[in-house]
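What follows is one structure encoded as structure tokens, with my remarks underneath.
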């Protein structure tokens, strides 16, 4: 990785990266095998356990919106991340203790017949632990990637000249941490015990907090620019107040206030666009505005072009963002069901070693890691020849490819389930849910790999799109939208799974509680494939009419110079040698 932003800046990058790698290792180690913990240790039925995890994941994906607003409004990204990691660590410590102490678990049920479910007290302890991790996630998720991007120059010219894409690099690093967690932690959980299996992620998160805090003097910390929701509300209120005002055809007559917008436009002000022209009324200067004074206007009555365009950018992004909801809906429960499929299949690599069911996700993670390298080194140069785009393809094109591959992955999953049940029927094992069906678990590998390829295109493209197209003062909030889409998708998935479970009959229920062999999981996959296909059509229509945000090109050089001056200030501060001229540099 290239150096970040100042002398010894690479140290700050590595401390930030160490924090995020440890955090992802801990989060993956905690979540990847949780369906096994709920069904095998707490004796919960499959559908109930799956719905608990989906609800938990949905809530955990909603809290980042609060964390993003907190960082953008007043706390800043550094302190929001720090608080989030500490709260998350408290949750991990709590659930580790509950896994060690017998009174927080029901009696073992090795046969999965007539099991005693977890008591209300035991479930409430579980919910409390999950709640702490949910709150911690809200401070971490929306801010780590934007905080990392803050450490490097993300202006258009610098991004185009780089030999690597920050978001690809970020996803690759997280994939490596995930891979280690899926192999080491899951193995410990399945073969050593849940005390150590949850204790290792707890230790990793503690190291994450320490590494991140130690890097504090070296980080580039952008000051929060105030509540983005307040600025958006001011534009709407001003436009409503001037609803009878005629918008001039010449956009140069609209109010522009460079000094007022400087704190929220370090890398350049947004240019006027003709979309949503009714919002332009907020920037129309009237006689009343002249009387108050344009240097310090009442922002609830008179806004600026840049602030109006901030709101327009968010409105333009929302349809594209919404496409990620149904994708999350189709994927949210698949991890739970696939793990249960893997548990019933032959997982032997040798006579003495079996792959833990939750570790099957390593094939998806490996595909992501290999796919990101191939994408950067082969796909981008190849596509660049035809598109003349330095990135190879646009974010929207990248996301569309990911949507299409995701549909194929779900169809393959349905076909594999048909094959698994056919082998079970052939060996008279349909009524033996604990029996191992003589079919290799590697039949699941194609769908894992396809999902990994889809993630390379869709997930990375989605994250980059939200960062690039959002107003720069709202990037933590925009990054939170990525997780909010997952949140809404998880809640919607929980509703669909519950409806499918309740209304597909008792004899041949698609999603039975105890015996997946007598279910019709493939029908659920067909349903999800149809939802994804409809979603792809919707996405293509939205992407076709999308307009990228316009930014003043001349501002880039000035922003770069300001960034350099800020780097000098921060580097001198880190060395304890603040010089007078550095203190007069660019103001973050």
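Each residue, glycine too, has its Cβ placed from N, Cα and C.
Here is what TrEMBL records for this protein:
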TRANSMEM  78-101  transmembrane segment
TRANSMEM  121-145  transmembrane segment
TRANSMEM  166-188  transmembrane segment
TRANSMEM  194-214  transmembrane segment
TRANSMEM  353-375  transmembrane segment
TRANSMEM  395-416  transmembrane segment
TRANSMEM  436-460  transmembrane segment
TRANSMEM  480-503  transmembrane segment
TRANSMEM  524-546  transmembrane segment
Touch test for the transmembrane segment (121-145) and the transmembrane segment (480-503), at least 3 Cβ pairs under 8 Å: yes
Residues from the same chain, set at least six apart from the ends of the transmembrane segment (480-503), whose C-beta lies under 8 A from its own: 47, 50-51, 54-55, 57-62, 64-69, 141-142, 317, 321-322, 324-333, 462-463, 466, 509-511, 524, 527
Same-chain residue ranges lying at least 6 outside the transmembrane segment (166-188) that approach it to Cβ under 8 Å: 1, 17, 20-22, 24-26, 28-29, 32-33, 145, 148-149, 152, 154, 159, 196-197, 200-201, 356, 358-359, 361-362, 365-366, 368-369, 372-373, 375-376, 456, 459-460, 463-464, 467
Interface present between the transmembrane segment (194-214) and the transmembrane segment (395-416) (three or more C-beta pairs under 8 A): no
Folded-back contacts onto the transmembrane segment (353-375), same chain, C-beta under 8 angstroms, at least six residues removed: 32-33, 35-36, 168, 171-172, 175-176, 178-179, 182-183, 186-187, 189-191, 335, 338-340, 342-343, 347, 441, 444-445, 448-449, 451-453, 455-457, 460
